[in-house]
């Protein structure tokens with residue numbers, strides 16, 4: 001009776017605090033037109049906002065590199081890996097949500113107030129498992145988000161080049177680095193309501209454009225589908241898919257932005273199911289049309305003929321990558337604010353100025369390693385494998401390893417997975433699979449491919465995978481001696497062919 005009463009008390013505390021925060025937010029608003037417009041476009045905290053955030057953040061620029069992965073994996077493996085890692089990613093996102101609710105419940109028992117503080121993943125690990133887990137989680141999470149932001153800048157430069165090639169990709173990286181730095185003015189994930197919605201619309205259009213354009217284009221002459229051909233390429237492609245469904249390094253921040261975070265449970269799974277309706281048709285269609293040509297074209301836009309529809313897709317993806325840059329960078333802003341004591345500052349301009357140093361290393365790394373496609377696989381194998389899969393699964397096991405912790409858990413595992421025994425079994429499978437296949441074989445393949453890109457193109461390369469410039473014909477040399485006979489008139493190629 002006492003334990004049941006305590007559990008009811010915990011649930012009341014959670015529901016009471018969340019409802020109270022939502023009510024205060026609603027009551028504190030003036031009823032003017034400006035406030036209503038701000039509420040519609042700016043202040044988001046509903047289940048739908050979280051779903052849009054998860055779905056739009058998950059696919060991003062990877063949509064353009066998945067056909068490249070299919071050329072490495074082959075059609076069958078590409079489809080199976082997407083389904084498998086989509087399910088695995090949804091599972092570990094569920095684990096993170098359980099650990100967040102557990103941490104927040106324990107802290108609220110101690111009268112902690114989070115109205116002016118954004119909870120992050122490393123703080124959850126610290127509160128549940130101690131400082132060593134916090135340090136490991138912080139290192140992996142920050143490094144992953146750093147390179148996730150780098151990838152968005154590289155993707156921006158890669159995409160805009162297919163509309164305007166008057167500037168090389170490195171110059172475009174300079175320009176978009178400055179543009180993306182404006183995300184310092186977006187306070188938190190509460191303020192991504194309209195951006196998340198638009199981002200999903202943009203990726204939906206791009207995915208179906210890639211599908212339709214590839215089918216209408218048809219297969220190129222002599223198309224070959226030889227994948228999988230090499231072990232290195234196979235595991236490189238697999239880790240890119242691993243990266244695709246590892247976008248929940250910001251799950252805790254998205255949950256914290258919700259009015260009722262306990263409703264997050266199935267949101268990531270539903271977002272993944274929608275994302276699969278975009279990635280599977282587009283990657284399959286582009287690979288069907290172009291086959292092995294994709295092995296040397298990691299950006300799907302590079303093979304499709306230019307048209308108004310393609311230009312629109314490029315522009316929409318550019319805007320979306322700006323949004324995704326903000327998604328990846330905002331948790332880094334929070335970490336930096338907490339480190340310098342500015343996190344609870346209410347002045348938006350002061351916080352924005354304090355955040356600017358975070359953008360500089362991202363900008364610099366995007367110029368050093370502009371390898372669109374291969375960098376996704378490398379980040380997936382070395383960082384996503386631990387940040388998104390291994391650490392959450394192990395953290396869940398160690399948090400609930402004692403009988404008392406399992407009995408007093410705020411959320412019990414669902415019956416259809418086998419309660420605690422089934423949950424621990426799935427967690428151990430995730431850890432083993434990702435450690436061996438994702439980090440082990442995937443790390444070897446991705447790093448080998450990454451080093452090959454460096455050897456082929458070099459660091460700070462000006463224009464990665466750009467077509468070679470066409471050399472203009474030199475003008476004829478003036479005759480230096482008027483008495484010299486002029487050379488015979490050059491015959492056109494078709495006449496030379498039949499000249500005897």
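Numbering starts at 1 and runs along the chain as displayed.
Placed from the backbone N, Cα and C atoms, the Cβ positions cover glycine too.
A quick note: this is a predicted structure, and the numbers were derived from the prediction, not measured.
Per TrEMBL, domain 'Amino acid transporter transmembrane' is recorded for 43-435. If you look up TrEMBL, you'll see 79-101, 138-160, 172-190, 197-220, 232-255, 267-290, 312-336, 356-373, 379-399, 420-444 marked as transmembrane segment. Marked as region 'Disordered' by TrEMBL: 474-500.
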In contact by Cβ distance (the transmembrane segment (232-255), the transmembrane segment (138-160); 3 or more pairs under 8 Å): yes
Tertiary contacts of the transmembrane segment (312-336) (same chain, 6+ residues out, Cβ under 8 Å): 53, 56-57, 60-61, 63-64, 118, 120, 122, 138, 141-142, 145-146, 148-149, 152-153, 155-156, 159-160, 162-163, 176, 179-180, 183-184, 186, 188-189, 192, 195-196, 198-199, 202-203, 205-206, 209-210, 249-250, 253, 301, 343, 351, 354-355, 357-359, 362
CB contact flag for the transmembrane segment (197-220) and the transmembrane segment (379-399), at least three pairs under 8 A: no
For the transmembrane segment (79-101), sequence-distant contacts whose Cβ falls under 8 Å of one of its Cβ atoms, 6 or more beyond its ends: 14, 54, 66, 73, 119, 121, 124, 128, 237-238, 241-242, 244-248, 251-252, 255-256, 261-262, 264-266, 268-269, 272-273, 275-276, 279-280, 283-284, 388-389, 392-393, 395-396, 399, 409-411, 426-427, 430, 433-434
Beyond the flanks of the transmembrane segment (172-190) by 6 or more, those residues with Cβ under 8 Å of it: 42-45, 53, 118, 149, 152-154, 156-157, 160-161, 250, 253-254, 256-257, 318, 322, 325-327, 329-330, 333-334, 348, 351-353, 355-356, 358-359, 362-363, 366-367, 370
